[in-house]
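Taking it in order: structure first as structure tokens, then the write-up.
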């Protein structure tokens with residue numbers, strides 16, 4: 001009974017924090033005030049301040065986490081509605097995803113080499129632009145550290161969501177197709193949530209890109225390691 005009450009309180013506080021950050025973002029729509037980022041910082045700060053362990057938070061957090069699956073499945077609806085566009089533009093979509101995936105991996109390697117990062121961490125940073133569950137499996141298969149891969153995936157997601165819109169504006173990419181592919185390829189699920197601001201077509205393209213990156217990344221990860229003799 002006590003754990004049930006704790007779980008309910010944690011769920012309510014988490015949802016309340018997120019809604020408050022959404023309201024803040026609507027009032028001040030700045031790139032670094034995106035609700036996912038500010039809510040994460042707020043929750044981490046609260047856990048540290050009140051000395052609450054990760055396991056303690058996950059008593060309620062696991063129920064919120066369980067909604068991730070249905071949320072991903074729900075992305076099938078905009079895909080269905082935009083299917084004719086996806087079929088029509090399948091070649092540029094696939095080309096954009098391949099370029100985004102390869103650049104994501106190669107940029108990670110360049111960053112790692114520039115800062116002299118250890119070999120294990122280098123392999124962990126490789127799948128940073130792929131959605132977390134798949135990135136963990138790729139990193140483990142390559143000999144990386146899965147826990148560090150999660151950190152790099154989060155960094156890629158947040159940096160893409162914050163800087164992505166600025167680059168899209170700077171490069172004058174106004175096509176929902178291009179915006180969705182860019183956000184989904186670079187920032188996986190977080191990029192897809194950001195694509196909501198660009199419309200239904202952008203969300204569809206972002207979810208397609210995220211899925212294709214996960215599938216193709218399983219093949220290209222080992223290939224990049226082999227090509228660059230890592």
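For all residues, glycine too, the Cβ spot is worked out from N, Cα and C.
As recorded in Swiss-Prot:
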TRANSMEM  4-24  transmembrane segment
TRANSMEM  30-50  transmembrane segment
TRANSMEM  67-87  transmembrane segment
TRANSMEM  91-111  transmembrane segment
TRANSMEM  148-168  transmembrane segment
TRANSMEM  210-230  transmembrane segment
* Structure fact -> If one takes Cβ-Cβ under 8 Å and requires six or more residues beyond its ends, the residues near the transmembrane segment (91-111) are 117, 122, 125-130, 152, 156, 177-178, 181-182, 184-186, 205, 208-209, 212-213, 216-217, 220-221, 224, 228, 230
* Close approaches to the transmembrane segment (148-168) from elsewhere in its chain (Cβ under 8 angstroms; 6 or more beyond its ends) -> 31-32, 34, 36-37, 104, 108, 120-121, 124-125, 127-132, 135-136, 138-139, 178-179, 182-183, 186-191, 193-194
* To do: State the residues, same chain only, that lie 6 or more residues beyond the ends of the transmembrane segment (4-24) and have a CB under 8 A from a CB inside it; answer 'none' if no residue qualifies.
  => 33, 35, 38-39, 42-43, 56-57, 59-61, 63-64
